[in-house]
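Student: Starting off with a structure, shown below.
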């Protein structure tokens, strides 16, 4: 990192030049950015983006906006990049309403809610990244999604510069998606400034729905448990799968699950189930979905020949986690191209075997599958 200082154009936000982005992402890949503007308040975020977006209309490059860097793959050749980093991290609680600024560490939000006796977020414990990223792709795990509890989101409209609250109903949440999700990470039309959650003040968790978690708690489906006990069970399950970031463990340097679980028609599921029975491959893990049948992407990946730790060559800079076949991990020296190359191989291999195309979950900046 070279020069740093405070930017008067950006309401006092901190500006640093020549900043390596790899340490700011959970995958630990990325270029050296031309400058990073770190905003510790919503006012700084709005001021910075209004100025930079106005400049972009006259030919300047649009900035990349992120906070925790947990869902990004950024190409190393983007050396002229300007980054607006969200570090506005306030968390406020009013009764059963929890409001988290975009840069708040999401797991800190979960902890604060549980400490206040509020249920609803405990199944999402240990998910890396910021609160502001959660509504964008409707983050979920262990039978829960943030759409279960989000009431509204405060947004900056980058086209008009307007700041407004938008109700959950208008966010059109779906499986790992919302109206906020955009394929081009450099052309995102809105930026989340704050998220509001309405939680259960009863002191009990949301109803348990996920079989593995239910078994770990020795509970029954639909039971409401102690939120802290649920959190501890979830963290233990995530740790066993390498899904809790550990800076000393390359097996956790990832974006989490790289591919979403595909939703297929009933006919496609029945074909796969029949083929699996013929091969004596065991039952096909599946779950009901509003528009079909949701399959377990990890099962497809492993049955297509990509086992945990693939490729086995110890020198491979990017490999599947040894604990979870959906996590593509940086073994210490991987580039974005290494990650994308492995992702392509896995995606194409699954398609060749099953005729199903897996879709990536992270945002790809300057690279594509």
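A Cβ is built for glycine as well, from the same backbone N, Cα and C atoms used for every other residue.
This is the feature table in Swiss-Prot:
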DOMAIN    29-202  domain 'FAD-binding PCMH-type'
ACT_SITE  176  active site
ACT_SITE  257  active site, proton donor
ACT_SITE  361  active site
Student: Give the distance between the Cα atoms of residue 257 (active site, proton donor) and residue 361 (active site), rounded to the nearest whole Å.
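Tutor: Computed Cα spacing between residue 257 (active site, proton donor) and residue 361 (active site) is 7 Å.
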Student: Across all the protein chains here, work out how many other Cβ atoms are within 10 Å of the Cβ of residue 257 (active site, proton donor).
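Tutor: A 10 Å sphere around the Cβ of residue 257 (active site, proton donor) contains 21 other Cβ atoms.
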Student: Summarise the model's confidence over the domain 'FAD-binding PCMH-type' (29-202) as a mean pLDDT value.
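Tutor: Residues in the domain 'FAD-binding PCMH-type' (29-202) carry a mean pLDDT of 96 in this prediction.
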Student: In whole Å, how far is residue 176 (active site) from residue 361 (active site) when you measure between their Cα atoms?
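Tutor: So the Cα of residue 176 (active site) lies 8 Å away from that of residue 361 (active site).
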Student: Near residue 176 (active site), how many other Cβ atoms are within 10 Å of its Cβ?
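Tutor: Residue 176 (active site): 17 neighbouring Cβ atoms within 10 Å.
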Student: Please report the number of other Cβ atoms within 10 Å of the Cβ of residue 361 (active site).
Tutor: 19
